[in-house]
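Listed in TrEMBL:
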DOMAIN    1-319  domain 'Acetyl xylan esterase'
BINDING   TYR92  substrate binding site
ACT_SITE  SER184  active site, nucleophile
ACT_SITE  ASP274  active site, charge relay system
ACT_SITE  HIS303  active site, charge relay system
Amino acid sequence: MPVFEMPLEELRHYKGCSPCPGDFKEYWREALGELEATGLAYTCTPAAFEAPGVKCHDLWFVGTGGARVHCMFLKPAQLSKKIPAVAVFHGYMHHGGEWFERLPYVYAGNAVLVMEARGQGGLSEDVYAGAGPTLFGHVVRGVRDKDPHKLYYRDVYLDAAKAVRILMSMDFVDEARVATTGKSQGGALALAAAALTPEVKLCAPIYPFLCDFRRVAQLDLMKDAYEGFSYYFKKCDPTHAHEQEFFERLGYIDLQNHASAIRAQVFWQTGLMDTLCPPSAQFSAYNKLTGRKEMKLYPEYGHEQIPYTNDTVFSFLRKL
């Protein structure tokens, strides 16, 4: 079985090498308090896309910092009882994708909400204002600001949690049957939403991003979505004098530190040749999950479209 960085048996026991800030729990308690203060109000307008038996809407809500966040929302046109719901999150720098892609879930009886991350390829607003580099990558945004609450992904994680809570608040949604899913950044947000909203029932990430940042650096994978790491050290900390502080700050958004809060049943899929979200970084979070979980591995695949993963996620979410 091919492995590019660590034997599989070691992966199954690896718990990460990145630090967790001492005030991690208090940081996120405060963040969730800020989120709750924004309420659960949202607006819906009919979308241009139409499909038989389906209602499609553009849904907007106000996230932390006053940013307007856009979502694609679909539901069956005829409802006779409360239905399950699926929150979908997209990959890094992308957008919500095509409405057509979401129809199988609706025709299976689910409501579907697809959140577009602020400041990326969709319609959501970005109101970020903080010190430090922003040129190469969102991951490092806010890492040099005096205020640790200025991390870009803090707000995106909170947006993901709010998207799920809005779904749960809808009078036709069974709040006990809500799932999260996504690939890469989307998988990361699926996990973050499940950690910050433990009522989520099922979570199905595919090769999630944003795990064990120091491990990414150790493997010299500071490129592509992690290009900001290389730029940060070259321009802001060329001798790595503040490397520990850098990774401690990022520890607030490191999903290995959030994993133990997840109560959902988790179905995780990844390739063992992934050089963007390396397997060890992913296992650092997976191994800290305390509930029901399954990891499905694809030995020859990297960070790419893996055959049948959409089918397996769809089948898993039929458990709702």
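Keep in mind that glycine also has a Cβ here, set from the backbone N, Cα and C atoms.
Unlike curated entries, TrEMBL annotations are predicted automatically.
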* Asked: How big is the gap, in Å, between the Cα of the residue listed as 'substrate binding site' and that of the residue listed as 'active site, nucleophile', rounded to a whole number?
  -> 7
* Asked: What three-state class does DSSP give HIS303 (active site, charge relay system)?
  -> coil
* Asked: Whole-number Å distance between the CA of SER184 (active site, nucleophile) and the CA of ASP274 (active site, charge relay system)?
  -> 11
* To do: Take the Cβ of HIS303 (active site, charge relay system) and count every other Cβ within 10 Å, whichever protein chain it belongs to.
  => 21
* **Euclidean distance between Cα atoms of HIS303 (active site, charge relay system) and ASP274 (active site, charge relay system), Å** => 5
* DSSP three-state assignment (helix, strand or coil) for SER184 (active site, nucleophile) -> coil
